[in-house]
Amino acid sequence: MAGLVVAMDGPSGSGKSSVSRGVARALGLRYLDTGAMYRAMTWWMLRQGVDVADAAAVAARCGEPALVSGTDPDAPAIHVDGVDVAGPIRQADVTGAVSAVAAVPEVRRRLVALQREIVGDGDIVVEGRDIGTVVCPDAGVKVYLTASAEARARRRSAEVTGSTVEAQQADMARRDTLDSTRTTDPLSMAAGAVELDTTELTLDEVIAEVLRLVKERT
Ligand SMILES: Nc1ncnc2c1ncn2[C@@H]1O[C@H](COP(=O)(O)OP(=O)(O)OP(=O)(O)O)[C@@H](O)[C@H]1O
Ligand SMILES: Nc1ccn([C@H]2C[C@H](O)[C@@H](COP(=O)(O)O)O2)c(=O)n1
């Protein structure tokens, strides 16, 4: 019998990574951060000097980098061509360019195939924007995390030195608009997903609610 798959989707800063890692830890499951894969592809494109606004140029090169994603919730890891890029993929240049790269259908085709390979027989929490809709439509549990734009920006700015809530909110709004209006696999809530608004909840409360859902559905 295939193992459990928990699909966790939602807009930027809604808590997908923190909640997914907490749930995976509590249940002894693996964890996959698919956003890190789009970021790693973007990091490689920028390093190669590819114009990320040129979708044809991105499509032509997206088969080249070797991407390896770790699945340990206690030590998320990602390597491109053998280079540890866990730090660089969080930098502003990558964050500014990732939505354009993630909108290229050839990039999505390649990364969705890689993600399905990693998911394999399951026992995993997978987070992203199209997990419940595209990558794992048969997931046993699907969660769509939300929080107010202000709460998401406040949480994110607390972890980035020197950033303001206003700047974070503007950047998230820009990325969410691009991610939810692209033509291929846009961010949207999957059929059968449970929407969880975390604006007024602590991280531990959200993890507990997802664990309750898993128990109820398995
Ligand atoms: N319910 C919560 N209450 C307070 N802080 C939270 C909550 N959920 C997440 N956070 C904090 O908000 C920040 C953003 O969370 P996280 O990185 O998990 O979001 P994300 O949805 O994965 O973001 P992105 O899509 O941009 O990668 C982190 O600092 C995290 O600790
Ligand atoms: N399944 C996914 C995961 C991520 N993306 C895109 C959209 C995001 O802006 C970007 C970075 O993700 P984050 O690290 O912020 O979770 O990657 C996507 O299109 N599909």
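Placed from the backbone N, Cα and C atoms, the Cβ positions cover glycine too.
Record features (TrEMBL):
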type	residues	note
DOMAIN	6-215	domain 'Cytidylate kinase'
BINDING	Gly10, Pro11, Ser12, Gly13, Ser14, Gly15, Lys16, Ser17, Ser18	ATP binding site
REGION	159-185	region 'Disordered'
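Residues Ser12, taken from the binding-site residues Gly10, Ser12, Ser14, Ser18, are distinguished by a CB atom under 6 angstroms from ligand 2. In sequence order, Val19, Glu127, Leu145, Ala147, Arg152 are the residues of the same chain, not among Gly10, Pro11, Ser12, Gly13, Ser14, Gly15, Lys16, Ser17, Ser18, whose CB sits within 8 A of the CB centroid for the ATP site.
Long-range C-beta contacts of Ser18 (ATP binding site), restricted to its own chain and to partners at least six residues apart, with a cutoff below 8 Å, comprise Leu203.
The region 'Disordered' (159-185): residue composition by secondary structure is 18 helix, 0 strand, 9 coil, according to DSSP.
Mean model confidence of the domain 'Cytidylate kinase' (6-215) amounts to 96 (pLDDT, 0 to 100 scale). Just so you know, of the binding-site residues Gly10, Ser12, Lys16, the Cβ with the fewest other Cβ atoms around it within 10 Å is the one at Ser12.
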